[in-house]
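Since the structure comes first, as structure tokens, the remarks are kept for the end.
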Amino acid sequence: MLPAVGSADEEEDPAEEDCPELVPMETTQSEEEEKSGLGAKIPVTIITGYLGAGKTTLLNYILTEQHSKRVAVILNEFGEGSALEKSLAVSQGGELYEEWLELRNGCLCCSVKDNGLRAIENLMQKKGKFDYILLETTGLADPGAVASMFWVDAELGSDIYLDGIITIVDSKYGLKHLAEEKPDGLINEATRQVALADAILINKTDLVPEEDVKKLRATIRSINGLGQILETQRSRVDLSNVLDLHAFDSLSGISLQKKLQHVPGTQPHLDQSIVTITFEVPGNAKEEHLNMFIQNLLWEKNVRNKDNHCMEVIRLKGLVSIKDKSQQVIVQGVHELYDLEETPVSWKDDTERTNRLVLLGRNLDKDILKQLFIATVTETEKQWTTHFKEDQVCT
């Protein structure tokens, strides 16, 4: 496990290092309902944040609240001396799963090594015993890389879906972590975790002055203009704000439409160049041109701003109108992956079709990005070469 960042007093409490103490939950699910659930996709929520921020406390809280969910917990790595390491091998169906621990209420804990795919695939062999997965990452993990694996593996995608990314920020050390400078101009881990989040929990607010919480909140909002920000103590939060968000699927289309109308553009704080930009362009987009627009941002990484700095998109989200399609289409991009999916919402005949996009990233220029997007809508390609060229790929 990677070492904690910061001083010794940032270490996790002992309770933070151990697997959550789980209590038995009554279930009234019938055998028929359980069988029918075997074919249903299971949501996965990624919980991320620096060591000591309160990730395991949140897990503990979720698992001991009354919500009638049967939850499987995936721990990215077991901490040294963790109580889990005392009993990692369990017998299931005559086979030995060395990395799995089945707890007394039927919930599961496991250690995810390498890219985590094998562990999750093994977990899916136990499908029917749980209906929700919580995945806790290490403190320095990039949640974008973790989220990407749910899109890359088609077989895995038939069993599960990514529901949302929750980032927990320590009220006392959050500003310090967000301001940390990395070599070669890289984005630090804390900033990337905040930028990718669907919900950000500012935790331990009772341990710092209110003014410090306000500064931290403003900094977080400057990085992520779309995610919900919640202030918590001991990671206690209304579970409807962190579970069943449907942040990455077509069911989020209706709520996303309202949310995108009120997303503010942001300015960088703490000398960071991470911002949220949003724009709207009326009309229809040709799907192949829209793919070209997104691929140049996420794959080719050859789009530059007015200062000739590379634009780096960390997360992309929006609702678009695709030519010859009656349904609104949601676009999602994380890391170097993206997806277009039709929503259940149709465009009304008496309303103007439009495209709303929100991009979170570094060195983003709203005017240039909007200009490039307009090229996909108007189907004119003369503007495309203005700010990206094949011989100017960002490295």
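Note that Cβ sites are derived from N, Cα and C of the backbone, with glycine treated the same way.
According to Swiss-Prot, the protein carries these features:
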REGION    1-36  region 'Disordered'
COMPBIAS  8-20  compositional bias 'Acidic residues'
MOTIF     17-24  motif 'psi-PxLVp motif'
BINDING   49-56, 110-114, 203-206  GTP binding site
MOTIF     107-110  motif 'CXCC motif'
BINDING   Cys107, Cys109, Cys110  Zn(2+) binding site
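Fewest Cβ neighbours within 10 Å among the binding-site residues Gly49, Gly52: this applies to Gly52. Within 10 Å of the Cβ of Lys55 (GTP binding site) there are 28 other Cβ atoms, across all protein chains. Sequence-distant neighbours of Thr205 (GTP binding site): residues of the same chain at least 6 apart with a C-beta under 8 Å from its C-beta are Ser171, Val213, Glu231, Thr232, Gln233.
Look at Gly52 (GTP binding site): DSSP puts it in coil.
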